[in-house]
Structures are given as structure tokens and as C-alpha cells.
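Q: A single structure is presented below for examination.
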Amino acid sequence: ANLLILQVSYAQKSSELVIGGDECNINEHRFLAFTYSRGFFCGGTLINQEWVLTATHCDRIFMRIYLGLHNQSVRYDDQQIRYPKEKYFFPCSKNFTKWDKDIMLIRLDRPVKNSEHIAPLSLPSNPPSVGSVCRVMGWGTITAPNDTYPDVPHCANINLFNYTVCRGAYKGLPATSRTLCAGVLQGGIDTCVGDSGGPLICNGQFQGIVFWGGDPCAQPRKPALYTKVFDHLHWILSIIAGNTTATCPP
């Protein structure tokens, strides 16, 4: 499987790119962050002026976070670069397995300003519904198994399935999980290496974080797993509110 990380050939999508998509509209990803560290990159989501939500497996010692980026070869006047001031990792063990905790909150070294190309994406108010059409995006590879990385982010629509679909596709998954299963059953469209940490947006709400998938990406009947943002809301909001010792949901 593919963790979707640029440097890992395991089951995580730390660096997946969208396969089967098209270049994102320049105005549809104002919240999309690009995290970079010595050739390794991931996606992330700006959830307010001071916080970015991404995947734990995207963590690196030296990270530079770009906001307002579209074409990596062209710098917008309002592009902003930040560095992590604090990082928070989901600490819960009770009722959470290793599959449920690939989520990281990054506090930026200074707030970003809303602009033409930068604006946060709200956290979800409700969990997503199976059958929803969801949007994925990132600078991950657009081909598999051989990687091709674009200068611009690609976007695609995929479908949200019952978790049992992913459990049937991959051996070793737990019976239940706080992850979302999404993809296209006929294959050809998927997140992939380089897309890890980026958002899964269902019906306009930020519902998932790119986590794990098949290797190679975009194979038939091999949807990917996304960390379920809604199931981590208590922890996210507690940390942002200043309760840095927040542990598990009640």
C-alpha cells in the first residue's frame, strides 16, 4: 500500500498527487497549504489564520509552509511562507488504533493574512454521508506507478464509500476505524504520492485528510483511506483554544 509520502513505499500517501484529475481552478484552493522539507512535501489545510491541519506522517524536523501557492514556478504577490511554532499529535489510545491517529495540528510562527489567494477552510459541522461526492487536491504525482510531479495542484472528484469497502480491499484493516473510505471503484482517479496531508472536501465541508492507499495508486476497487476530521473535532478545538494538554474525547 502507499502511505502517500514522497519517500515511503508503504501504505501512506504522505506525498500523493492527484491522478486522473485536472489543474485546480486558481481560486478553489485558497486554504491549501504546501509543506516542504528538503525535497519531501505534503499538503495541508489552513483552518484559521494561525493553524494548519495535516497528517502526522508528513512531519519533518525542518518544515516550510507555503500559503497562496498555485504554480510552483510563479510567486503571487500575496504568497506567504510560515514555519511551525508548535506541533500537536493526537494522543489518544482508548478506542483509537494506529489507523485513527494520522493527524497533526501545526501552529504557525505568525498568523497569515486573508488575501486573494489565501483564506481558511472551516471545520465540519456534521459528519459526511456515504455516497457523497468529494473533492481532493494536491501537488502529488499525476501518474503511477512512475511518478510525474506537476507545478500546479490537480483536483478531482471521488466518491465516499462505506468503510467496509476499504476493509474488503485491503487485508489487515481493523473492523472499525475513524477513517473515511473514498475513491472511484473503476480506478483511474485517486490521491497519490505527494498528496498526503491534503484535504478531502465533501459537499463543501472539510471532512478528511489524505492518509493511506493502494500501491500503485488509482487501481480498480482500491479506494483510499482518509483520516476523519469530524471524529477529532474535540481535540482540534481544545488545542486551538489553548488546552494543550487535551487528550481524548469524552
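Even glycines carry a Cβ here, placed using N, Cα and C.
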Q: Look at the disulfide annotations in Swiss-Prot and name the partner of CYS217 from this list: CYS192, CYS202.
A: CYS192
Q: Of CYS92, CYS181, CYS202, which cysteine does Swiss-Prot list as the disulfide partner of CYS134?
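A: Checking Swiss-Prot, the candidate bonded to CYS134 through a disulfide is CYS202.
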Q: Please work out, from what Swiss-Prot records, which of CYS155, CYS181 forms the disulfide with CYS166.
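A: Checking Swiss-Prot: disulfide partner of CYS166 resolves to CYS181.
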Q: Based on the record in Swiss-Prot, give the one of CYS155, CYS248 in a disulfide bond with CYS24.
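A: Between CYS24 and the options CYS155, CYS248, Swiss-Prot records the bond with CYS155.
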Q: By a simple count, how many Cβ atoms lie within 10 Å of the Cβ of CYS217 (disulfide bond), its own Cβ left out?
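A: Step by step: centre on the Cβ of CYS217 (disulfide bond), count other Cβ atoms within 10 Å, giving 33.
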Q: Mind giving me a neighbour count for ASN162 (N-linked glycosylation site)? Other Cβ atoms within 10 Å of its Cβ, every protein chain shown.
A: 12
Q: Cα-Cα, whole number of Å: ASN146 (N-linked glycosylation site) versus CYS134 (disulfide bond)?
A: 26
